[in-house]
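Enquirer: Before I ask anything, here is the structure I am working with.
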Amino acid sequence: MKNLSFPLLFLFFLVPELLGSSMPLCPIDEAIDKKIKQDFNSLFPNAIKNIGLNCWTVSSRGKLASCPEGTAVLSCSCGSACGSWDIREEKVCHCQCARIDWTAARCCKLQVAS
């Protein structure tokens, strides 16, 4: 019976918690949860928490669309139902089909919130 006591305790106490509970947390559980979140958040410097991604679309006629300096291309779109494109030098979208009427580049840069 001694060999079964630990597995039974595990099943009796921990498994219901893993399955979820509709009951609110008791004050001790809330305190533990709060401490875990604080410790987890302290792993990341505040500067990292305030970094975001600022994106917009640049389009042009023809098969090339360029993003401004300081930004990078994340994706491209091509006119004339062309789905074949590549990114050149991290800032230029190039549509590879013949007779492309327009090309669009999704340009993004990191932005630090104040």
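Note: Cβ is positioned from N, Cα and C throughout, glycine not excepted.
Straight from Swiss-Prot, here's the annotation block:
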DISULFID  CYS55-CYS108  disulfide bond
DISULFID  CYS67-CYS107  disulfide bond
DISULFID  CYS76-CYS93  disulfide bond
DISULFID  CYS78-CYS95  disulfide bond
DISULFID  CYS82-CYS97  disulfide bond
SIGNAL    1-20  signal peptide
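Situate these features within the shown structure.
Expert: In the three-state DSSP assignment, the secondary structure recorded for CYS108 (disulfide bond) is strand.
Within 10 Å of the C-beta of CYS107 (disulfide bond) there are 22 other C-beta atoms, taking all protein chains into account.
Counting only same-chain residues six or more apart in sequence, the Cβ atoms lying under 8 angstroms from the Cβ of CYS76 (disulfide bond) belong to ALA65, TRP85, ASP86, ILE87, CYS93, HIS94, CYS95, THR103, ALA104, ALA105, ARG106.
Counting every protein chain shown, the number of other Cβ atoms lying within 10 Å of the Cβ of CYS78 (disulfide bond) is 21.
Cβ neighbour count for CYS82 (disulfide bond): 19 (other Cβ atoms within 10 Å of its Cβ, all protein chains included).
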Enquirer: Quick one: pull the CA-CA distance for CYS107 (disulfide bond) versus CYS55 (disulfide bond), whole Å only.
Expert: 5
Enquirer: By CA-CA distance, flag whichever of CYS78, CYS97, CYS108 among the disulfide-bonded residues is nearest to CYS67 (disulfide bond).
Expert: CYS108
Enquirer: Between the disulfide-bonded residues CYS55, CYS78, CYS108, which lies closest to CYS97 (disulfide bond), Cα to Cα?
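Expert: Considering only the listed disulfide-bonded residues, the nearest one is CYS78.
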Enquirer: Measure from the CA atom of CYS55 (disulfide bond) to the CA atom of CYS78 (disulfide bond) and give the result in Å, rounded to a whole number.
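Expert: For CYS78 (disulfide bond) versus CYS55 (disulfide bond), the Cα atoms are 18 Å apart.
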